[in-house]
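*Asks:* I'd like to ask you about the structure that follows.
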Amino acid sequence: MKSILVRYGELTLKGNNRSVFITKLIQNIKFKLKHLKDFVEYKKDYNSLTIKVNAEKLDEVTAILTCVFGIYSISIVEIAPKETETILEKTLAIAQKLPTGTFKVEVERKDKSFAIASNDLKIQIAGNILRNTEHLKVDVHKPLSKINVVIKSDGVYIFTSRINAVKGLPVGVSGKGLSLLSGGIDSPVASYLAMKRGMQVDFLHFMTPPHTTPEALNKVFELAKTLEKYNQSSFALYVCDFAMILRELMHIKDESYRITIMRRIFIRIANQLAEKIKAKALITGESLGQVASQTIESINVINVTSKLPILRPLITYDKEEIITIAQKINTYETSVLPFDDVCSLYVPKNPVTKPKIAIAEIQEQDLLLSELIDYTINKSIKKYIFKEGELVEKAEG
Ligand code: ATP
Ligand code: MG
């Protein structure tokens with residue numbers, strides 16, 4: 001068995017919410033490792049969690065944990081009994097495997113009942129290493145390697161590296177959000193960032209068959225699945241057939257308002273669905289000024305149709321910054337596959353860049369909006385449920 005020390009990071013700052021957050025985090029970790037439950041054991045204390053792992057599953061567990069929001073960093077640790085002799089022996093064994101160069105020992109005594117002060121223990125460990133090896137020198141400022149020793153109540157934890165995890169807050173502590181997921185680059189990144197701040201995310205995609213192809217829809221499934229490792233283990237993807245409404249939108253007198261009004265309808269439908277599924281916010285991939293429909297005037301005209309807050313995690317991001325995250329979270333490759341989505345169709349020649357609410361409302365008067373929206377909500381939304389990365393159920397909803 002190997003042991004992994006899991007650090008909670010930001011959670012340590014959160015006063016009263018602390019225990020709620022930690023309980024949620026541990027629950028999320030257990031869900032993510034559910035398929036390995038016969039290979040892992042959990043041990044929880046105030047500031048961290050220790051997971052004992054069957055050695056052959058170590059890499060897999062490490063890879064999963066580094067994507068769980070709320071985890072700050074992890075270390076593969078050796079746990080020794082609290083005896084000076086053993087500590088000296090274990091740290092020497094670790095030192096012997098370090099690369100030639102400089103090192104530093106760090107000791108933290110969490111268990112104050114341990115008889116030797118941190119500094120004295122540090123000197124003993126480093127002295128023992130220097131006497132018994134020839135390839136190492138001490139450098140306390142810029143060491144090549146570090147040997148960390150933490151004295152805890154249940155034993156001495158020894159490790160040489162910290163693996164950074166995604167940080168953020170445990171998914172679920174900020175409630176549920178409904179993310180408008182297109183097949184593009186931005187909305188998967190926006191969804192990821194909402195998850196980062198503790199939001200559990202369900203998805204809503206608008207398609208317009210036959211203009212959008214099954215491949216375009218597959219892309220969206222693929223994106224939702226790719227994000228699963230950061231999300232709640234089970235989540236839903238709602239697919240709304242928008243074709244009928246789109247046909248109606250062709251009757252708008254001022255075609256420059258077509259995209260604006262389509263967006264206003266997306267948001268109305270999303271609000272109604274969110275209410276049904278108890279989502280507390282909508283999430284979009286909009287970025288200020290990126291395209292005509294994302295000027296501050298457009299955002300305002302779209303925004304007023306929403307009762308719920310619309311989170312726009314990318315509002316201040318440049319495309320390049322968005323792409324960097326998309327590549328890191330592995331959604332980029334899928335997003336750039338060339339399949340049309342609703343918005344790349346029916347784009348008017350000159351979309352309005354500074355729409356006005358009053359004009360949008362006048363344009364909408366000619367449409368059978370509330371009937372169409374009601375019909376679409378009741379008849380044209382399909383719900384797909386994912387559990388642990390697999391599509392498990394396809395339900396009408
Ligand atoms: P993305 O890269 O996310 O597609 P974009 O830069 O193409 O964004 P727009 O087409 O203006 O920008 O879309 C803005 C946002 O509206 C998207 O980020 C997404 O949240 C939402 N959206 C657009 N099209 C759809 C769709 N077909 N289904 C669901 N949401 C959509
Ligand atoms: Mg798009």
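Placement of Cβ uses the backbone N, Cα and C atoms for every residue, glycine included.
Curation does not apply to TrEMBL; its annotations are automatic.
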*Asks:* Taking Q232, Q294 as the options, which does TrEMBL list with L180, L181, H205, F206, R263, G285 at the ATP site?
*Replies:* Q294
*Asks:* Enumerate in sequence order the binding-site residues L180, H205, F206, R263, G285 whose Cβ-atom distance to ligand 1 is under 6 angstroms.
*Replies:* L180, H205, F206, G285
*Asks:* Counting other Cβ atoms within 10 Å of each Cβ, which of the binding-site residues L180, L181 scores lowest?
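*Replies:* Each of the binding-site residues L180, L181 was scored; lowest Cβ tally within 10 Å is L180.
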*Asks:* Which Cβ among the binding-site residues (H205, R263) has the fewest C-beta neighbours inside 10 Å?
*Replies:* R263
*Asks:* Among all protein chains shown, how many Cβ atoms are found within 10 Å of the Cβ of Q294 (ATP binding site), not counting that one?
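*Replies:* Around the Cβ of Q294 (ATP binding site), 22 other Cβ atoms lie within 10 Å.
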*Asks:* Of the residues named as ATP binders, L180, L181, H205, F206, R263, G285, Q294, how far apart in Å are the Cα atoms of the most distant pair?
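*Replies:* Farthest-apart Cα atoms in L180, L181, H205, F206, R263, G285, Q294 are separated by 19 Å.
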